[in-house]
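Per TrEMBL, the features are:
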- 43-265: domain 'RNase H type-2' (DOMAIN)
- 49, 50, 156: divalent metal cation binding site (BINDING)
- 271-309: region 'Disordered' (REGION)
- 277-294: compositional bias 'Polar residues' (COMPBIAS)
- 298-307: compositional bias 'Basic and acidic residues' (COMPBIAS)
C-alpha cells in the first residue's frame, strides 16, 4: 500500500499542507481526509522540529515525523540527521525516501509570514515562542485525532525546556515528553522532522508567488536571514513608503523598522464598534502609525472593513484611507 503525500500551494504565495497517509482518501478542495496508518494502533513515537524561526522572509514551518516504537531501531539506520548539517540535495533525497516509506508518517504546519506579523503586533501580542508551542501542540493533536497511539514525543525546545515539557505534559497527560536542546542531533525521529520542516520551507520560499506589481521586483533575496547582505539589499530595494513590504516579508521583525524611519505618516480609520455605534463622538477613531507597512496593534476584527471597491492588495493588508500625505 503506497502512502501518498502532497504539498498544496495556494494563491498569493500562501502555502497549505495537505497530508494523505494511506492510499484510500477523499479530497474536498485543498483539504484531505486523513486515515490512520496500519500500524497506528501500536505504541508510537513522534519527533517535532521547526525551520525558519529566524528569517525575516518567508513562512515558519513546524514538522513532525512519527512511527511505531517497534520501528525505532530501523529509523536510526536511515541516515536522518539535523537538516542544518546536510546539503540541500541530501535533504531532498531523504525527504523523498521517507515519503515512500509506509512505516513513517509526517505532517507540517506552515505559518504564513503575514500571520506571524499579525499575531506579534496585535493588541494582545502572541510572541514567537507561543506561536511555536501552539504549532507543535497542533501537530500532536492532529495525529492523535487520526487515531495514532502516540506514547512518546521528542521535541526540540523553544524557551525553557523544563517549563515547555511541563506544559506539554499537562495538555497531553497520556504521552511521555522529552524536550531537549539540539534534539534534532540527538534523536533520529526529531532529525527526520527537521528534514521535513526544512525541505517544506525551502520549497515554499522557492515557489513563493510575488504577486505585488511594483517595478523591478526580483527574487534575489539571499537566505532571508536579517544578517545576510543580499537580504538586506532586497528589503531596501523592495520597501514602499506607503504600502510597506511584499507579502513574503515578516514586517513585524525589528529588521524592517529601520527601512521606514522617513516613511509616510498614515492614519487608520476604524469601523464602527460591535454594538453598531461609533468609537467616539465623531464616529471615527484615528490611530497614528509611525512605521508604514505595520498593521495596527488593535484586534484584527476591529480593523476589518468590507473591502468593497478596493484592490485585493489593499484588502490583504487591511489598508485604509490615507488621510494626510
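Any Cβ shown, glycine's included, is placed from N, Cα and C.
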For the binding-site residues 49, 50, the one whose C-beta sees the most other C-beta atoms within 10 angstroms: 49
PLDDT averaged over every residue in the domain 'RNase H type-2' (43-265): 91
Other same-chain residues whose Cβ falls within 8 Å of the Cβ centroid of 49, 50, 156, the recorded divalent metal cation site, in sequence order: 48, 51, 62, 63, 155, 158, 183, 184, 190, 193, 194, 197
Other CB atoms, at most 10 A from the CB of residue 156 (divalent metal cation binding site): 26
